[in-house]
Structures are given as structure tokens and as C-alpha cells.
2 protein chains.
Amino acid sequence: MDETETLPPPADDERDVDIYGEDGAVRSSYLARVGAAIADRDVLFLRSHVGKLHQSELGHVLEALQSEQRAALIELLGDEFDFAALTEVDEAVRLEIVDAMPNQQIAEAVQDLDSDDAVYILEDLDQEDRDEILAQLPFTERVRLRRSLGYPEETAGRRMQTEFVAVPPFWTVGQTIDYMRNNADLPESFSQIFVIDPMFRLLGAIDLDRILRAGRDSKIDEIMHETRHAIPATMDQEEAAQIFEQYDLLSAAVVDENERLVGVLTIENIVDVIQEEAEEDIMRLGGVGDEELSDSVLSTSRSRTPWLVVNLFTAFLSASIIGLFDGTIQQMVALAVLMPIVASMGGNAATQTMTVTVRALATRDMDIYNAGRIIRREASVGLINGMVFAVLIGMVAGFWFQNAELGGIIASAMIINMMAAALGGILIPLLLDKFGADPAISSAVFVTTVTDVVGFFSFLGLATWWFRLA
Amino acid sequence: MDETETLPPPADDERDVDIYGEDGAVRSSYLARVGAAIADRDVLFLRSHVGKLHQSELGHVLEALQSEQRAALIELLGDEFDFAALTEVDEAVRLEIVDAMPNQQIAEAVQDLDSDDAVYILEDLDQEDRDEILAQLPFTERVRLRRSLGYPEETAGRRMQTEFVAVPPFWTVGQTIDYMRNNADLPESFSQIFVIDPMFRLLGAIDLDRILRAGRDSKIDEIMHETRHAIPATMDQEEAAQIFEQYDLLSAAVVDENERLVGVLTIENIVDVIQEEAEEDIMRLGGVGDEELSDSVLSTSRSRTPWLVVNLFTAFLSASIIGLFDGTIQQMVALAVLMPIVASMGGNAATQTMTVTVRALATRDMDIYNAGRIIRREASVGLINGMVFAVLIGMVAGFWFQNAELGGIIASAMIINMMAAALGGILIPLLLDKFGADPAISSAVFVTTVTDVVGFFSFLGLATWWFRLA
């Protein structure tokens, strides 16, 4: 605790001090100061400084603190604790914090949040806790949150914000501006207002800059654009993100099955979706499931097992190919020494092709117009690189074992396997995609199985045939 | 050409017909219609329909057409051709189109674009062409574009839009709204206005919804927020994207070294940056460089070679480890059959750990506060999974070759290699990051080298020692 005494008294602008160090992590000096204040129960410092942080900054601080410190900090902050910070932390940290809180406190806090943030926190809770919290909310709020929670995970309906500004088409710009000036119950921020009929059916939308540029007498239905990008609440969030990207939207109306406006999807949420989806693809390509850094050893170990099990089978498959040629190997051990080279080069080339294909499919850059051309291109690249590396590897192997014929055999196997790598690398993801499987999740294992099997079989098979070793 | 005759006459609302099919690609029927109109030089149809497409839709149509059709379409569209569509196509397609155009035509078209789009098109041109085009632009425009182009690639300054709305702090909301109503020379769309002093130094910013909610008499400096997120023009675009994500920004001021406002970075551009950066990480993890689907066979083959060369060296390194034990293998061919299993399982486990680590570093989820904990977690996961799969593989191998001792040896090697995989998978990216290298680009090859070398060495070494085969 001596540390606190040597620190200067908190100045009023300390809140503006950058809490992040050079490396982008929360400064350890800042964390030490907060830790000391928690230990001292220095409510004044915590409320006036930590309580004023942006929700994402507070989230980072919470993640960096110890578990007991988190609970104490939230208790000491009291009403100054910005509940939205919980949307910024790891799932494990969020659940730890929320589980420790009485449901009534959560219900009160949730009322101050935008509905998308509230849903984000509620969706991970047990059905029982969630129902208890919802029961304590005012009627309108409860209905709105229930509606969002009723849509499946990863849909626009689950991600939308139910607070929005909507006006009738016959209003003027002046009336609209006056309405916004006098209505306190607006969303925290918005970039677009919507135009609806008496049945709440969506007629159009207007960007705020358009309202500001129009005269007060302009009629809303004259300046609105009939929105061509209304998003059905049941649409997958990834598809919604693609629409945002393609049309450079800042927000979009979400409509139910009767074309009625039920919410708005904002670019802030879409940015999170884009990140999540890219993350998911990277993780799947690496053979990792839906895991977080804060997961426990056992759950991590469990989540990584399926992929390793699949790899186990394919590794035994490759081994049994080698087993077919055990007589050959016994007569020429050099084959055992060289065979991993053929498999490894093929695996590497196949991974390159597969990565390009999986991404092109995910971003829809690949379609029926260019698939044929790309397959031809990959096959040509495989052939060219196959020949280049065949010559290199053949020469090195020939010198190493003083056996030119062996060099020729490994070179031939290399060309065969690099072609297999190119074709497998593009056709396997394409076929998986065609049959509705996610190419990111399952391509890698199939593709490297192909290059292992073809690599070992072509190399050992050619050697057996050429040297008549069978 | 018979096809066109059977098509219904273009209705006035054909533009609203969805040009995309179920699979997200441009419908082939639509493309056929456009192709026929190009062949017939049906300017009326092309201008009234293709000319009215959104820039991204037009981009997709351009990409799907044949090379000669593209040039003809642009010529037939004339002034109706939306030059911004060029920002939506592959680099190769863009260069093909732009190279075929006289510089004067480009100069005229560029004047109608927002500056960020103009820069996007100009930056890929030869220095000579670019200078010629810039020379034909009006003075202000030229200065602005030159300034953007003067900032390094992938910086905020290169990505920013130089059109923005800026007002002095002493204006009222009413004056500001009147200014926007009467000033035709505003950016195409904006979500924020900036407040500057007479020296163009940035004082603050106001979101449009805030202006709309404030009374006409409110003073600008009372409702503005002193922006804490001004972005230096030289900041890397990835860092800028992280600020946007953290603080949920829709736009941010870009300032030069004297704190003067020079442009605005918009979320639309940031979304592109986020996509590009995620793309880059995926490609690098897959050992693929900066390639595009439209690249030629030779340039693709060249760009993939470096990684294959590195893999060639590491493959020979692994082979030479096996070569150390050729005597052992000759006496017990089962070792050659089983050894790829140990290496492959290790490689797989290491890739999992590496993927998680590389992503955590990229998203800054991993820092000095949790690195120690995560290293311990990964080591524990490696040990647990190592033991589980050691038992499985040991039993299968023991039965296969009717040799329990061999089963025990492969099991021991598995545990050693899975631990090496876990530690290599996390420590190698961490060290690369520490020394300023991009872990995404170089981790994979180091990590699998570790698991190959440790796998072969531990398995063959243990076997040699146990069976006294040396």
C-alpha cells in the first residue's frame, strides 16, 4: 500500500491520461493505482476516475484485474458502474461477474442499456435467471427484449437495437426536427431515421445529413429514400454484414415477417460481426473451435480433441500406406528418410491453395464465372511449382544418397503430389461448399490427407516399381 | 442474339430487380441481357439500367463480363458510367480498365469522386500517368489529392476523405444548419461535423444527431465534444481501425503534425481496412502472400515460392534427423511406418495453439497480464491431450505390430511431442511478436519444424535406446 502514498493526488483531468501503454495493454502503473484504491476502498477516486472511463476501457481494466478485485470494484462503483462494460469483456469474465450479482441488480442495470447490449448480456444466462430478470422489467422493455431473444442466435433480430426514431411520411422536416428536440426518449445515438405507416410498416429511411440539408418545409416523403436494404429479422448476421459492406450502410432497418419495423442494425454491431466471422474462419482453418482465452484447461483440451481425433485417423491411414511398402523400405532405407519431404511439400502447397479458395468463397469473390479459370490457374501453378521443386529436390536427394535414379523418382513423385495438392486444395473446399459444409472447418484435414496419401504412395510405389523391390 | 428478342421489353422498374441469384453471384440471365445490349450497342437500355446500378453492383457486373465487353460497356455508358465502381473491382480488372482510358478522361471522372475513392484509383497508376492526371485537375483538388498521396500506403492519411464540414466554435446550431442547407459543396454523406479555429486546428466534433436534438440557439462550443480520438495522418490504418472499434466511431478527424484538420476517416473505409487486415492474417497463416484471384499463373507461382523454399529447408532438416537413425529403421521397419503419426499429431496440436496465439496477439487480447496464465494453460492442454492420445496411439501401434514395447515408445514420444507442440505453438509467435516480426507470417513454418524434428528425434531416439539398435 506504500505505493499509493507516493503517487500524486489525483488531478481532475487524470481521466484524460492515456490508460494504455505503448504495447496497447493497460499500463501496469494505472492498474496498480486502481488496485490500491480498491484495497483502500477509495470510493472517491474510483467513481471520479474509473467510473468515467469509456465502456471499452473499463472492460479492459476489468479483464486485467484479479477476480476478487473485479467484484470489489463493481461494488465500490455502485451506480457509477457502466454496465455496458460487460459487453466488452471475455465471456468467462462476464459470466463470473453476472453470476455473482443478484438478479434484481442486473434487472435495474439492464434498463439503462441499449437493447442490443442488454440482449448481449442476457443471452448467455440460464433460462431461469433470464426469466426472473425479464419479469422485473417494465412491460415495453420486457416485450422488446423478449422479441430480440426470440430470434435465433447470429441473426439480425438478435443483434438489432430496438430503440429508433420513426416518423410518418406526411411530416415536414421542421416537425421532425422539433420532435427530436423535444423528445427525451431517443436512442443514445443514431445516424438515420425511419418513415413508417400507421401499421408500423417501413416506408423508407432518411440519413441525418439529408435532413440537415433540407429546408424546414420539405416533406418527409419527398426527401426519404425508399429503402432497398431492409433486413429481415431472421437473416443471418453474416449476410447482413455483407449488405452493409456492399452498400456502405451506417444503419439498416430490421423488419419482421409482415414488413413491420422492429429494430435497427447499426454499423457498430456489424463491425463486431465482421470481426467475429473473420475470427471464426481463422480459428476453423487452424482446427480450433469456438474457444476463448479465458477458457479453462479442461474445456480447451476438450474443444481441441475432435480435430486431433480426425487427424489420428488420417495419420493411421497414411501410416498404413507406408506399411504397404515395408519390404521396399527395408531394402532401401533412404526411402524412409526422404518420404516426409514429398508429403510435407505437398501439404504446404495444398494449404496455400486451400487458404486462397476458402477465403474467396467466404468473401464471395469466387463464383461460377471464375471458378473454372481459377481451377485451371491453380493446376498450372501446381505444375510449374511442382517441376521447379522436383528438380531441386531430385538433385539434392540424388547427391545425398549418390543415386541419380532415386533423385529421378523423388522428382517424379513431387510433380504428382504438387498437382494433387493444387487440385485437392481447390476442389475439396469447392465441393464442401457445394454440399453446404463450411469449407473453413473441414478442408484442412481432407486436403493434407490427400497430399500425405498421394505423396507416400507415389514415392514408395514408383521406387518399388523402378527398383523392382517388391 | 436471338436471346434478346425473347426477353420482355425493359420495364421502368427493372433497375429494382435483384441482379443477384441465390448463390450471391450476378444472375447469368442478367449478364446475358447486358451482354446482348452491349453487342447491340443498346445505349438506351444500358444507360437507363446498368447506369443506375449501385457502384458495387456495377463493379460486380464489370468483373463478371469479358474483357472486351467491359471496355465497350464503359464507352457506351459514357457520362453515365459511375467511376466509383472501379473502387469495387479487383486490382487487375481496375488496371486493365484504367490503362485503356486516356488520362484526360480519367482526370475528368476523378473530379466527381470523393477524394478517398480518387486516391484509391490513382495510387496504383504509374508515377507518370498520375502526374499527368493530377496536372489536369483544379488547384484545390490537386493539392488535396497530392497531400493524401503523399502519406505512406496503409496510413490514415492515405485512406482519409478530404471533404468534410467544419464550423467555428462561436456559431449557433441554427447558423450551422443554415450553412449546410445553403452550401452545395458538402461531402456526399457525413455523420459528424468538426469544429476548428481560424488556423484550422481541430477543437472538437459533433455528431449529427446531437445537432438535431439541440435548440437552434445552442452554441456550437457548448454541444461539441472535445474529440479524444483525432487520428494522426501518419497512423497505421490498422491502429486507426482499432480505435474505431474500441470507441464505436462512425467517423474521426485526421490531423497533420500541427494538429490541423486535414481530412476525415469514415467507418466505410475502416470496414474495408478491417476486412483487409483479417484477410491478410488468414493468407499469411496459410503461407500465401499478397495475391488476388485475378493474378496470372506466373505471378501466383512466384508469390507462393518463398514459403515453399523455406519449407524445403525444414523438410530436409527433418529428413536429416531421420537419416541419423537409418540403421535403426533398417532393423525395425515399423518405425518408418509409425513415425509420421508422431510428427503429424504434433503438427496439428501446434497449429491449434499457434492459431489461437496469433489471433490473440492481433486483436490485442493477449498481453503481459495474461501471457503467463495462457502459457501455463497451453502447456497443461498439451500434457493432457498428449497423454490421452499417447494411450490411444500406443495401444493401436502395439496391437498392429504385436509389440507392446513399441506401443510404449510411441506413447512416450507422443507425450514429448505434444508438449513441444504446445510450447512451440505459443512461445514462437510470442517471441516473433516481441522482436517486431509479424507472427502470422512466420510462425507456421517454425512451429511445424519444431514438431517434426522433436517428433522424429524423440520417437526414433527412444526406439534406438530401448531396443539397443544403434
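Numbers here mean position along the shown chain, with the first residue as 1.
Just so it is clear, glycine is given a Cβ too, placed from its N, Cα and C backbone atoms.
The domain 'CBS' annotation in TrEMBL covers B:160-222 (among others).
Annotated domain 'CBS' per TrEMBL: B:224-280 (among others), in sequence order. Assigned with DSSP, the residues of the domain 'CBS' (B:224-280) fall into helix, strand and coil as follows: 25 helix, 16 strand, 16 coil.
The list of residues near the transmembrane segment (B:307-325) in space but at least 6 beyond its ends in sequence, with Cβ under 8 angstroms from a Cβ of it, reads 287-289, 335, 339, 343, 445, 448-449, 452-453, 456-457, 460-461, 463-464. Per TrEMBL, the feature transmembrane segment maps to B:307-325 (among others).
The transmembrane segment feature in TrEMBL is assigned to B:337-362 (among others). Long-range contacts of the transmembrane segment (B:337-362) within its own chain (CB-CB distance under 8 A, at least 6 residues past either end) are made by residues 277, 281, 285, 318, 322, 374, 378, 381-382, 385-386, 389, 393, 397, 406, 410, 413-414, 417-418, 420-422, 424-426, 428-430, 433, 439-440, 443-444, 447-448, 450-452, 454-456, 458-460.
Taken from TrEMBL, the feature transmembrane segment covers B:383-401 (among others). Counting only same-chain residues 6+ beyond the ends of the transmembrane segment (B:383-401), those with a CB under 8 A from a CB of the stretch are 334, 338, 341, 345, 349, 407-408, 410-412, 414-419, 422.
For B:407-432 (among others), the entry in TrEMBL reads transmembrane segment. Residues 338, 341-343, 345-347, 349-354, 357-358, 361, 371, 374-375, 378-379, 381-383, 385-387, 389-391, 393-399, 438-439, 442-443, 446-447, 450-451, 454-455, 458-459, 462-463, 466 of the same chain sit 6 or more residues outside the transmembrane segment (B:407-432) yet have a Cβ under 8 Å from a Cβ within it.
Remote same-chain partners of the transmembrane segment (B:444-467), defined as residues 6 or more beyond its termini with a Cβ less than 8 Å from a stretch Cβ, comprise 285, 287, 307, 310-311, 314, 317-318, 321-322, 324-325, 328-329, 331-332, 335, 338-339, 342-343, 345-347, 349-351, 354, 405-406, 409-410, 412-413, 416-417, 420-421, 424-425, 428-429, 432. The feature transmembrane segment is assigned by TrEMBL to B:444-467 (among others).
Sorting each residue of the domain 'CBS' (B:160-222) by its DSSP state yields 19 helix, 17 strand, 27 coil.
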